[in-house]
Amino acid sequence: MTIVIGFEGSANKIGVGIIRDGEVLSNPRRTYITPPGQGFLPSDTARHHRAVILTVLKEALDEAGVKPEDIDCVAYTKGPGMGAPLVITALVARTVAQLWGRPLLGVNHCIGHIEMGRLITKAHNPTVLYVSGGNTQVIAYSERRYRIFGETIDIAVGNCLDRFARVIKISNDPSPGYNIEQMAKKGTKYVELPYTVKGMDGSPLKKVCDAASKMLSSGECAAEDLCFSLQETLFAMLVEITERAMAHCGSQEVLIVGGVGCNLRLQEMMGVMCKERGAKLFAIDERFCIDNGAMIAQAGWEMFRSGQVTELQDSWITQRYRTDEVEVTWRD
Amino acid sequence: MSQEQSMGLRKLLEKAELLKQGAEARLYRTRFLGKPVIVKERFPKRYRHPVLDEKLTHRRTVQELRAILRCRKAGIPAPAVYFVDHSSHCIFLEEIVDSCTVRDYIVSTQQQTEGQQLGWLAERIGQILARMHDEDLIHGDLTTSNMLLKHTDGAERQLLLIDFGLSYISALPEDKGVDLYVLEKAFLSTHPNTEELFERLLQSYTKASKKSEPVIKKLDEVRLRGRKRSMVG
């Protein structure tokens, strides 16, 4: 029996999760929400995390009914992400690891998403679409690496949506993307926005966001219609690059992870594409799509069981950490 | 196209052999005007908004036709176009008989030998891409699945490019660099341990192209951009 605790805080969500051999014992989380029209800055985010992390840690232990001595390994997000928030989480992880006398494991955030997705959906070897506020990648596993087949050329899809949410000044509670999704449901008019896909890479998404903002200020169409059109355009691009990767790899499974993966319209569109190809779609709900501690614990569990450990002197954090840099020792 | 002609096309496709369903289109094999043809049908994508779908599909078909024509005029091997139907977005292409994709060729060769026998292939690919880029044609979706190797009688195997749906015209080194970057990523993800082979491809490209220096420079920049990108959240 192996119990792993995971600390995640690379962006505005701070989460602590505990996993025991594939069972999620607890997964509490807090989100730093800024006023409408504002994004979140690293120092403010770090301050928020610092204020709540110990409470969340206690919640995780209480909910799981687990004591420190039961824990086998302490996993934390090594990167990628925002510097200051990452430092806070790493600091707490290092401290409890030393306090409890347990080994540390620095986990790649993206791989956390993937491993959680695999655990929850039991997808066998899917083409993974990882799409969030900070990342947009199409990933497939091959020979001990999660290889990046395609990615955004500039900003992530979630970032594009977040920026547009700031432009139309909608609430960031519970998340800007969620509120855009609700507004999009009320949109009816489709407005043409720039659409380009370069092979398996995405288009300059800043251009799409700017075009949408311009149309809004010119008064040509309502915010709801733009939300609708923005989603239709962005998600069509995502489905297209995913489909290309699937065709290239000969894969019949798709797994969507990352915060934007919560979006039901995206899941719906991906589902239609899968049905037409005879492929299967695996999607997860907001508990695990959105950044959370359990996903770090799960990836940590896999890494720990395959013999990996992070020495204290190596337990630094990094803002830039490519998904394909990690050797996936737990799969063959 | 008239109602009758549409019906005729539908009947033809019904009797044709469905070869495969790619990401973009369905490929059928049949005969047309006495020749073996591949019919590429860009079918409607139901996940997309209908207005977006129609615009995109039409654009892709036209871009592909223009690119093939440009290639052939410049002596770059690509299948000939026999016929087009814009209402159903179908292109009738010359079937390249006795061929396989470069992807399949590399995979099977690597299984059998240590892969040293692929140097000539890498060089050939580099040469063809150099010629294409010198014509200011960007393929847009370079992968080893989009290159065909035709087995001819002699020792010489002909290399052809296909699938020009994402292609466009550009003289910018940035666009050519990104074109090569897309190939590099697809190449290395699909065929592990081929870094040296791809280097050879780039060397061959550099030698064969008249405008290669700024392109390779841009390729290096784009590669770094991937490394340097801050991945938050």
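Every residue gets a Cβ built from N, Cα and C, even glycine.
Look at TrEMBL and you will find A:His109, A:His113, A:Tyr130, A:Asp291 tagged as divalent metal cation binding site. Spatially close to A:Tyr130 (divalent metal cation binding site) yet at least six residues away along the chain are A:Cys110, A:His113, A:Ile114, A:Thr136, A:Gln137, A:Val138, A:Ile139, A:Val257, A:Gly258, A:Thr323, judged by Cβ distances under 8 angstroms.
The substrate binding site annotation in TrEMBL covers A:Tyr130, A:Val131, A:Ser132, A:Gly133, A:Gly134, A:Asp162, A:Gly177, A:Glu181, A:Asn263. Cβ neighbour count for A:Asn263 (substrate binding site): 27 (other Cβ atoms within 10 Å of its Cβ, all protein chains included).
Annotated domain 'Gcp-like' per TrEMBL: A:29-297, in sequence order.
The Cβ of A:His113 (divalent metal cation binding site) has 34 neighbouring Cβ atoms from other residues within 10 Å, across all protein chains displayed. Across the structure, A:Gly177 (substrate binding site) and A:Asp291 (divalent metal cation binding site) place their CA atoms 14 angstrom apart. Remark: A:Asp291 (divalent metal cation binding site) has A:Glu8, A:Ser10, A:Ala11, A:Lys13, A:Gly15, A:Arg29, A:His109, A:Ser132, A:Gly259 as non-local neighbours, by Cβ distance under 8 Å and separation of at least 6 in sequence. The Cβ of A:Ser132 (substrate binding site) has 28 neighbouring Cβ atoms from other residues within 10 Å, across all protein chains displayed.
Applying an 8 A CB threshold to same-chain residues 6+ apart, the list for A:Gly134 (substrate binding site) reads A:Ser10, A:Ala11, A:Pro80, A:Gly81, A:Ala156, A:Gly158, A:Asn159. The secondary structure of A:Ser132 (substrate binding site), as reduced to three states from DSSP, is coil rather than helix or strand.
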